[in-house]
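Below is one structure, written out as structure tokens; the observations come after it.
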């Protein structure tokens, strides 16, 4: 038997590759330059001599500043607000304490609030989503920031406390994402609410907490529900998740989506975005839902509506998007197939019962940053992403332009609550006025060279509208 000419070439290449992989160590998924010292134990100062911050490494500030400058290019509305506020400062005297994801996009928001006259102190709402270099850039610019990627639970609450409990500084506005900051102040410093004018909240979880407080008669300041504003629901929740779900899964698992069986738990705006993206990539998508209206939407969009128990043995990926708790239980996890990928796209880490996996009979193996194998005694393993926390901001990034819309909505909500005359807002939860939603949208249209049609006087009279809006009644469903 004579070997073909190309066989010897392949044989030599194979030997070379074997030698290469034996000699070269596996790639590291952590930054080897980062030491293991907790930021809480470091003594750091910025170039102005201030130490009122706690970040991973202040020396990374230059890299973070470049990321912020890139983000500014995709956040036109916030930059427009800065220009319009050069004369007046609508947030002059505002002392805002914030708890959100600390990313380049958040940095643009914080610096915009500063340009509008506010003083800010900031912590992270998620232990994995902070970009260390951005936190360093903010600290270098003089913002008291207390956050780093990979905080422990104790670190998380310590950072929030450092933002709130500071001598000589009393917040009068809260910007929250998830409700943890608001919860901490209620728990530890309830007297602070005597000087707080309002709360702006942008997540399902945080809004749910606010409505619970309101129902119990314990909400002692007005609160703005930004999450259910049109510009948040339709853009951040839908379009953002439609793009970032694929990014998060691809970066962590390098998987191919075509032909994979996926179950998405929840068909709200986040679930709709995830399903649309996965379907477009050729995945077979199932949906679970409790609401018959959302369920019917899923069916009309071409998705099979199932109970999780019906498909749990066969699916390759499980994604939660409900804002609920214990959606994926230990029983579900026990029945999953080998190498099933499990992740969460909701804000809170309550959707997957991760605590039930921390038992002696199961082995945890860290594969790479934010990726764990959880191994059963028989050798079966699941791939758990970000320990059940928010996938896109923990494991990848989200589109800056969409965050520009949400951040502008937050800024306007803060301006509205801070400047509202006494009595306009009672101790309750409010939606952002529709006129503001329309204004946020209009600020982003020039990016697309888009030209709005204007109503004639006759048309406006026929529809019973003001020519300048609002153009839809409050009950309109976009």
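First residue shown is number 1, and so on along the chain.
Each Cβ is built from the backbone N, Cα and C atoms, and glycine gets one as well.
Feature annotation from TrEMBL assigns substrate binding site to 103, 177, 202, 232, 236. Less than 8 angstroms from the CB of residue 232 (substrate binding site) sit 202, 226, 405, 406, 409, each of them six or more residues away in the same chain.
The feature NAD(+) binding site is assigned by TrEMBL to 268, 269, 270, 271, 272, 273, 289, 392. Of all Cβ atoms in the protein chains displayed, 23 besides its own lie within 10 Å of the Cβ of residue 269 (NAD(+) binding site).
Marked as domain 'S-adenosyl-L-homocysteine hydrolase NAD binding' by TrEMBL: 237-398.
The feature region 'Disordered' is assigned by TrEMBL to 29-51.
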Quick check for the class: what is the C-alpha distance, in angstrom and rounded, between residue 103 (substrate binding site) and residue 268 (NAD(+) binding site)?
25
Far apart in sequence but close in space: which same-chain residues, 6 or more away, have a Cβ under 8 Å from residue 271 (NAD(+) binding site)?
264, 265, 287, 289, 294, 321, 322, 345
Rounded to a whole angstrom, what is the C-alpha distance between residue 268 (NAD(+) binding site) and residue 177 (substrate binding site)?
18
Near residue 270 (NAD(+) binding site), which residues of its chain come within a Cβ-Cβ distance under 8 Å, counting only those 6 or more away in sequence?
237, 238, 241, 321, 345, 346
CB contacts under 8 angstroms to residue 392 (NAD(+) binding site), restricted to the same chain and 6+ apart in sequence, sorted by sequence, are 240, 241, 244, 245, 247, 248, 345, 398
Please report the distance from the Cα of residue 273 (NAD(+) binding site) to the Cα of residue 236 (substrate binding site), rounded to the nearest angstrom.
10
Just jot down the residues in the same chain as residue 236 (substrate binding site), at least 6 apart in sequence, with C-beta under 8 A of its C-beta; none if empty.
402, 403, 405, 406
Checking the spread of the substrate site as listed (103, 177, 202, 232, 236): what is the longest Cα-Cα distance, in whole Å?
18
